[in-house]
Amino acid sequence: MWLSFGSVVGTGIFVLTGQEAHNHAGSAIIISYAISGLSALLSVFCYTEFAVEVPVAGGSFSYLRIELGDFVAFIAAGNILLEAVVGAAGLARSWTSYFTTIFKSNPDAFRIHTSLPEGYNMLDPIAVAVLLITNGIAMLGTKGSSKLNWIASLFSLALIAFIVIAGCVKGSVENLTPFVPYGAGGVFQAAAVLFWAYTGFDMVATMAEETKKPEKDIPIGLIGSMSMITVVYCLMSLSLSMLQKYNEIDVNAAYSVAFQSVGMKWAKYLVAAGALKGMTTGLIVGGLGQARYTTQIARSHMIPPWFALVHPKTGTPIYAALLVTICSACVALFSSLDVLSSVSSLSTLFIFMLMAVALIVRRYYARNVTSKVNLCKLYLFLFMIIGSSIGSSVYYNRNAKGWIGHAIALPFWVLGKLGIMIFLPQQHFPTVWGVPLVPWLPSLSIGLNLFLIGSLGSEAFVRFGICTLVMLVYYLFCGLHATYDVAHQQQDDSGKLQVNKTAQCDILTESNTYPL
């Protein structure tokens, strides 16, 4: 729970709150955080069942590969790497902003201004240095990084208490009006971007192999920490909204500037130091998880297997860590925070939506047991759930005041879940811990994630589409052939897959594999 708290808090609350309160949600940023928290909690439920039942490294990549097959897993792998690179770059850029406010009033003072297009015209060498240092610490091993997180998170907890109390004392309720200046659309758009503030727990789930009692520790750690973090975020955003009017909030270093505006200049330095701590531990723990994701992807040969090698002294996947670090540093040098946050949020929401689909498949499909008729029914009901969710999202974002589209989409969404419950027998029953109210909770996760995806701007979809196209081209020319060859190398005379000792993610022998 503490590792999750340290890896999540700081990766978004200090980074995005000011930007989204100023540009989209206003004082209703509190509601945006609550919506994002609910979506994250639903995803945590799905992750927890997989992490307990299949306690291997690789997180969502391994889980999706088991349930939905190599192609879906590759698309998820590409988005995991995209999220890792873009998320770390955005966090490092924000680190520079808070560091600058300690010495200068302008958060961009230490960046190099160029004539490049808007959004890419401020070079950030400090962000590059921060990424190299924090990922270097992560490469030294899990134990040292975990101890550093424990110590640093104690300071973070004290800082959060100070921000909430000081905001209530020094702030004014009058600053909360107008509460929803940009309307409900702005609240949902902010919630979609703020989802990035909850990422990090998936990195903790990848460490299931290193957990002593995963069947007990993972549910308590992930669900408990996410519930606590949601409450913390709502209180911190309320504090910021009371300190400053939404249109006066700084988009780069919101909390430091807010305390300075109410005459607490000394607190500016305390908040900046705390924000830097939160982002630093977020980068370190993120570096741990990102390297393990990349290692599992390399073990499947979807990227060159050289990246799966583990350093003999540190016991860490040093080459995988270097890949993510170098790519993140290159992106952080050029790209601004608003560009990075939207792409990272879309990628994360997409992966979490796939995880909810995989959970339903895991419960209602078993290879060589489920008949073709029932498989077709599963296809149909999943199509109804996903299609109605997409339709509702598109309708709302094109016509926020209408209701006819939702009245059509909602019955299909409900019928899809009822169809699964009535016409499909459950094939898998969790032995230790399982998501309650299946298929309702995972279906709600699918709907909410897709709704938030639809709330992101068109530019995020263009960037995401370009990245996905590049992934598909690579898969067709490289990844498809590599994974095909590996699969045949691992077959014995009976045609069954053997467990590869070097590839823990190849737990495919016990899987329900690939209905989709």
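Cβ coordinates are placed from backbone N, Cα and C, and glycine is handled just like the others.
Keep in mind the model is a prediction, meaning the values are calculated, not measured.
For 433-482, the entry in TrEMBL reads domain 'Cationic amino acid transporter C-terminal'. The average pLDDT for the domain 'Cationic amino acid transporter C-terminal' (433-482) in the predicted structure is 85.
Positions annotated as transmembrane segment by TrEMBL: 28-50 (among others).
The transmembrane segment annotation in TrEMBL covers 71-92 (among others).
Look at TrEMBL and you will find 148-167 (among others) tagged as transmembrane segment.
Tertiary neighbourhood of the transmembrane segment (179-199): same-chain residues 8, 11-13, 15-17, 19-21, 23-29, 31-33, 35-37, 39-40, 83, 87, 90, 226, 229-230, 233, 246-247, 341-342, 344-346, 348-349, 396-397, 400, 451-453, 455-457, selected by CB-CB distance under 8 Å and a gap of 6+ residues from either end. Summarising the annotation, TrEMBL assigns transmembrane segment to 179-199 (among others).
Marked as transmembrane segment by TrEMBL: 220-243 (among others).
Annotated transmembrane segment per TrEMBL: 269-289 (among others), in sequence order.
The transmembrane segment annotation in TrEMBL covers 318-337 (among others).
Summarising the annotation, TrEMBL assigns transmembrane segment to 343-366 (among others).
The feature transmembrane segment is assigned by TrEMBL to 378-397 (among others).
If you look up TrEMBL, you'll see 403-424 (among others) marked as transmembrane segment.
Annotation comment: TrEMBL describes 431-454 (among others) as transmembrane segment.
The annotation transmembrane segment is assigned in TrEMBL to 460-477 (among others).
Here the transmembrane segment (269-289) sits against the transmembrane segment (71-92); at least 3 CB pairs are under 8 Å, leaving out pairs fewer than 6 apart in sequence. When the domain 'Cationic amino acid transporter C-terminal' (433-482) is classified with DSSP, helix, strand and coil residues number 40 helix, 0 strand, 10 coil. Below 8 A, the CB atoms of the transmembrane segment (71-92) and the transmembrane segment (403-424) form no more than two pairs separated by six or more positions in the chain, fewer than 3 in all.
Taking pairs at least six residues apart, the transmembrane segment (343-366) and the transmembrane segment (220-243) share fewer than three Cβ pairs below 8 Å and do not count as touching.
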